[in-house]
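Undergrad: Quick paste from Swiss-Prot:
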DOMAIN    55-84  domain '4Fe-4S ferredoxin-type 1'
BINDING   CYS64, CYS67, CYS70, CYS114  [4Fe-4S] cluster 1 binding site
BINDING   CYS74, CYS104, CYS107, CYS110  [4Fe-4S] cluster 2 binding site
DOMAIN    95-124  domain '4Fe-4S ferredoxin-type 2'
Amino acid sequence: MFPMVTGFMNYGHQTVRAARYIGQGFMITLSHANRLPVTIQYPYEKLITSERFRGRIHFEFDKCIACEVCVRVCPIDLPVVDWKFETDIRKKRLLNYSIDFGICIFCGNCVEYCPTNCLSMTEEYELSTYDRHELNYNQIALGRLPMSVIDDYTIRTVLNSIQRKTQ
């Protein structure tokens with residue numbers, strides 16, 4: 001009879017412990033109910049990129065001296081630089097410059113080592129297309145500056161929505 005009583009006591013302790021664990025889990029669940037949602041509605045709300053965000057590369061044709069430093073420092077030799085040597089002025093003349101963003105790893109080496117600062121990183125990260133050949137940008141496409149997420153009036157940024165909720 002004595003082992004039977006201790007068995008009932010152990011069962012009671014285990015039941016109380018299980019109820020305590022369930023209660024703790026329920027309290028954690030209730031504490032999350034007061035928090036703001038973490039997910040964003042992507043096409044309508046966008047995160048503001050950080051200052052050093054490495055997005056699409058912007059290229060300024062007039063500044064480029066066709067030195068090909070960007071090609072040498074690129075880990076995958078990606079930028080295609082076509083130039084012609086002008087004998088009368090004894091300098092290279094840039095003919096064509098292109099980058100295939102389907103292959104680019106956005107490391108930023110080309111921007112960092114460019115001696116004339118003709119390359120820069122933008123905050124544009126929406127490069128999806130239906131055809132991968134559309135990701136090959138020439139100097140004209142690389143020269144276009146993207147619209148800033150902050151300046152776009154059709155998009156509510158997460159920073160603005162948080163400021164509205166706190167007011």
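The backbone N, Cα and C atoms fix where each Cβ goes, and this holds for glycine too.
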Undergrad: Give me the long-range Cβ neighbours of CYS114 ([4Fe-4S] cluster 1 binding site): same chain, 6+ apart, Cβ under 8 Å, in sequence order.
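TA: Spatial neighbours, sequence-distant, of CYS114 ([4Fe-4S] cluster 1 binding site): VAL69, CYS70.
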Undergrad: By a simple count of other Cβ atoms within 10 Å, which of CYS64, CYS70, CYS107, the binding-site residues in the record, is least packed?
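TA: Fewest other Cβ atoms within 10 Å, among the binding-site residues CYS64, CYS70, CYS107, is found for CYS107.
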Undergrad: To the nearest whole angstrom, what is the C-alpha distance linking CYS110 ([4Fe-4S] cluster 2 binding site) and CYS67 ([4Fe-4S] cluster 1 binding site)?
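TA: Per the Cα atoms, CYS110 ([4Fe-4S] cluster 2 binding site) and CYS67 ([4Fe-4S] cluster 1 binding site) stand 12 Å apart.
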Undergrad: To see if you understand the setup: which same-chain residues, six or more apart in sequence, place their Cβ under 8 Å from that of CYS67 ([4Fe-4S] cluster 1 binding site)?
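TA: For CYS67 ([4Fe-4S] cluster 1 binding site), the qualifying residues are LYS92, PRO115, THR116.
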Undergrad: How big is the gap, in Å, between the Cα of CYS64 ([4Fe-4S] cluster 1 binding site) and that of CYS104 ([4Fe-4S] cluster 2 binding site), rounded to a whole number?
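TA: The separation of the Cα atoms works out to 20 Å.
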Undergrad: Would you mind checking how many other C-beta atoms are within 10 angstroms of the C-beta on CYS104 ([4Fe-4S] cluster 2 binding site)?
TA: 19
Undergrad: Per DSSP, to which secondary structure element type does CYS70 ([4Fe-4S] cluster 1 binding site) belong, with helix, strand and coil as the options?
TA: helix
Undergrad: At 10 angstroms around each C-beta, which of the binding-site residues CYS74, CYS110 has the fewest other C-beta atoms nearby?
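TA: It is CYS74 that, of the binding-site residues CYS74, CYS110, has the fewest other Cβ atoms within 10 Å.
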Undergrad: When the pLDDT values for the domain '4Fe-4S ferredoxin-type 2' (95-124) are averaged, what is the result?
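TA: Summing pLDDT over the domain '4Fe-4S ferredoxin-type 2' (95-124) and dividing by its length gives 95.
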Undergrad: Beyond the listed site residues CYS74, CYS104, CYS107, CYS110, identify every same-chain residue whose Cβ lies within 8 Å of the center of their Cβ atoms for the [4Fe-4S] cluster 2 site.
TA: ILE57, CYS70, VAL73, PRO75, ILE76, LEU78, PRO79, ILE99, ILE105, PHE106, GLY108, ASN109
Undergrad: According to DSSP, collapsed to three classes, what secondary structure does CYS110 ([4Fe-4S] cluster 2 binding site) have?
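TA: For CYS110 ([4Fe-4S] cluster 2 binding site) - judged by DSSP and reduced to three states - the answer is helix.
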